[in-house]
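Note sheet for the following structure.
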Amino acid sequence: MKYQWIILALALSAGFITSVIVDRQSPSEVAGEPINLLKSGKEDIDLYNPEDERIRVIYFGYTHCPDVCPTSLAVLSAALKQIDDQQINKLWPIFITLDPERDTPEKSAQYAQYFHKKIIGMTGDADQTKALAEKYGVLYMRTELEGSALEYAVDHSSYFYFLRADGTLVEKVQHTLNPNILVDAINRILADENAPA
């Protein structure tokens with residue numbers, strides 16, 4: 001277990017370089033199938049829907065996460081409660097599971113809604129999950145839990161990813177316990193996106 005955390009820490013330190021490299025790749029270069037067609041509940045969702053120009057605020061995690069995921073989604077929820085309706089209407093808050101084996105589309109949707117009604121929970125298949133993680137530099141690793149009813153955990157990096165409708169990464173904000181940091185990022189990004197070219 002100790003060595004797995006060391007490996008994860010080393011992988012996290014290389015995460016920024018990885019994200020810079022893979023962010024320049026298109027979805028078709030990362031995976032043979034579209035990575036943007038996910039499911040939320042019974043609904044099919046196009047993550048890169050060009051007709052939906054909202055800024056995506058994505059958090060990657062999993063519903064069995066004991067601490068980091070619920071804390072991060074609670075922080076996102078608190079940030080959303082601090083901005084006005086006009087700003088919220090320009091955002092698409094999203095939770096994408098890194099554990100499609102256990103997190104069905106229904107479970108991901110229900111989990112996200114627990115934190116805020118605007119957060120949409122999504123599930124892809126294992127290949128889509130891996131491709132999305134690679135595209136945005138999300139690091140995750142399955143860790144077996146001997147003697148636990150959960151069987152395994154998913155250790156992962158913790159960032160909020162701000163994307164344009166075409167999937168371009170605008171900014172990523174590291175895990176924080178302070179919702180004001182997210183509010184500042186939201187204000188800055190929305191101002192930049194609305195600024196005249």
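Yeah, the Cβs are placed from backbone N, Cα and C, and that goes for glycine too.
TrEMBL lists CYS65, CYS69, HIS156 with the feature Cu cation binding site. In the structure as shown, the Cβ atom of CYS65 (Cu cation binding site) sits within 10 Å of 21 other Cβ atoms. CYS65 (Cu cation binding site) falls within neither a helix nor a strand when secondary structure is assigned with DSSP, and so counts as coil.
Positions annotated as disulfide bond by TrEMBL: CYS65-CYS69. In this view, CYS69 (Cu cation binding site) is surrounded by 23 other Cβ atoms within 10 Å of its Cβ, with every protein chain counted.
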